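Engineer: My questions all concern the structure below.
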Amino acid sequence: MGLYFRVRKSDASARLSELKTKSGTLILPEFFPVYNPNKPVITPREMSEMGIKAIITNSYLIYRSPELREAAIERGIHSLLGFDGVVMTDSGAYQIYRYGRVDVTNSEILRFQHSIGSDIGSILDVPMSSEIGREEAESGVERTIRNAEEWASMREELSNTLWVGTPQGSIYRDLVIKCSERIRELDFDYNGVGSIKVALEKYDFVTQVDHFMSIRSILRAGKPFHFWGIGHPSTFAFFAAIGADSFDSASYSLYAEQGRYMTPHGTLLLDEIEEFPCSCPVCSSHDPKEVKAMSKEERTKLLAKHNLYISISEIKKVREAIRGEWLWELVQERSRFHPNLYFALMHLLRRYSSLLEAREPLFKSSGLQCSGPESFLRPEVVRARNRLKYIHYNGKFRRVLYGDVPLGLKYLYPFGQTICPYDEEVQDEPEDDEIITCVLSYQYEFPFPKLPAIMRRSKSTGTLREVSLEGKVIGHFRPNDGAFIPTLDGASLILSHLPYPKGRVVVKGLFSDTVARGTTVFVKFVKEADPSIRPKSEVIVVNESDELLATGKAVLSGVEYHQYHPDHPFIIIRRHVKPRSEEKPPEVDS
């Protein structure tokens, strides 16, 4: 099957998206708990009953057992495990890391994963620790590339399974780049990023950030990113915010064996707990004293179940934070419970500001909460300060995060939606022409001249509504974020001021008429786009002669859209210059 990956919503660098597999559609970000058939603490059937939609298991462990191998080939992996959700399989790469070798070739394990019906499979790459020597790392990279090339030569034979390609290289950035570039050329379905062993065990999150961001900057943005080995719920929000779409780990079980009780903020020792600070089914029906008195096997199973419930709850919260556009707030909250995670957050915001900003939505429906020094470095805050240079009005108000802000931006995100205890209420009201001129200059990163517009306000709340200029309605302001939504007349006015290709998406001639009649602008329709377009930007769609076709809202970034599937939506049309065709338009994904 071909890759179907569609972004529905963005926040930070996270994507609420749909991934179709032959066993069903996953909503990402998602956590894949590891199931070890040799140590079945919680069975896949029990996981399914807990609400888990996807799991990962080690195909090498199944392959190595004659009994399991025969059953998997005969019945399929889903039947063998008793799980009808999405099953991802690892290739045995972790065994290479732990033991130095596996008793199977890359081609054998690829064919085996395909034959047992894995939804998502992986090549035999070579995971590395942060303490590996340069020479050994080079050898591992060469082996990973050879195995990736072997997969590419077998692509047709292995169709109908989604395949993960994972670059390696450890802490040697040049090796990571070399491996990533080759993996990109081979065009896997799913991008993999291997967490750096040892460093992760030492809570060295900075090393993980640098490794992930190096790979993310090279691999195609239009594919999902799987971050191997990330399993503590306290880190899900953070790693989703930097662009990871899925995670896997056996930590829920390994921690349970050690008597460790997961929370969204860290880990507690069962021996030190007097009351369970959780209302999951396990904690609601047992108390710590009772669990401590159980046998090791019973205790481990209950703790593992609790740890899984917490992991499920947290990944749901991450998805909800993306929907509500408050993911950075969740990241900031979680990072304050571990100094290494907070240090990694500050490192991320300082070092990768441009890469983060390129995917950050321009507007959000949720307010921005200033909670510490990291708030000054958030990508939307840095962008907002940078865009103020396009505005030349004397009236100002002061904001801690932004400095002096033109009064005309009083109601625009993020200035009017920032919650900071040191900011005073702004009493002054901007003039109508001040609002429209400042907002357009900010929105389109271009200094507009003074526009003598007239505003219509809500009689009950005073909220800005319609905007008129010379007797024509040119647009309206969206109440929750103050963004200007142009009409077709407004779009024509904006085009008359903006230099080409500012604010525009240019559609190829073949697709001009269908877009002019209201069809979504798909990636394959686009000839050129303003690279400063961000998710939720208000965009003007034109033909190759720079004639207005439509207005709409961006789903993707202007610097990443071309890396997505040709059928992925880029601009959702709001208004169009021609009536919709009487014929039924082609079915599109909006």
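Indices start at 1 and increase along the chain as displayed.
Glycine residues also receive a Cβ, built from the backbone N, Cα and C atoms like all the rest.
The active site, nucleophile annotation in Swiss-Prot covers Asp90 and rests on sequence analysis. Taken from Swiss-Prot, the feature substrate binding site applies to Asp125. The Zn(2+) binding site annotation in Swiss-Prot covers Cys278, Cys280, Cys283, and the record cites sequence analysis as its basis. Residues or ranges marked as domain 'PUA' in Swiss-Prot (evidence: sequence analysis): 502-577.
Buried or exposed, and what's around them? Tell me for each listed feature.
Structural biologist: Taking Cβ-Cβ distances under 8 Å and a sequence gap of 6 or more within the same chain, the neighbours of Asp90 (active site, nucleophile) are Ile56, Thr57, Asn58, Ser59, Tyr60, Ser122.
The Cβ of Asp125 (substrate binding site) has 28 other Cβ atoms within 10 Å, all protein chains considered.
Taken residue by residue with DSSP, Cys278 (Zn(2+) binding site) is part of neither helix nor strand, so it is coil.
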Engineer: Given a separation of at least six residues and a C-beta threshold under 8 Å, show me what packs close to Cys283 (Zn(2+) binding site) in the same chain.
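Structural biologist: Residues satisfying the criterion: Phe276, His306.
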Engineer: Across all the protein chains here, work out how many other Cβ atoms are within 10 Å of the Cβ of Cys278 (Zn(2+) binding site).
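Structural biologist: Step by step: centre on the Cβ of Cys278 (Zn(2+) binding site), count other Cβ atoms within 10 Å, giving 17.
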Engineer: Tell me whether Cys283 (Zn(2+) binding site) sits in a helix, a strand or coil according to DSSP.
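Structural biologist: Helix, per DSSP.
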Engineer: Would you count the other C-beta atoms found within 10 angstroms of the C-beta of Cys280 (Zn(2+) binding site) for me?
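Structural biologist: I get 17 for this one.
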Engineer: Cα-Cα separation of Asp125 (substrate binding site) and Cys280 (Zn(2+) binding site), in Å?
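Structural biologist: Asp125 (substrate binding site) to Cys280 (Zn(2+) binding site), Cα-Cα distance: 37 Å.
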Engineer: Report the residues of the chain - excluding Cys278, Cys280, Cys283 - with C-beta within 8 Å of the mean position of the site's C-beta atoms, for the recorded Zn(2+) site, in sequence order.
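Structural biologist: Along the chain, the qualifying residues are Phe276, Pro277, Ser279, Pro281, Val282, Ser284, His306, Tyr309, Ile310.
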Engineer: Over the domain 'PUA' (502-577), what is the model's average pLDDT?
Structural biologist: 98
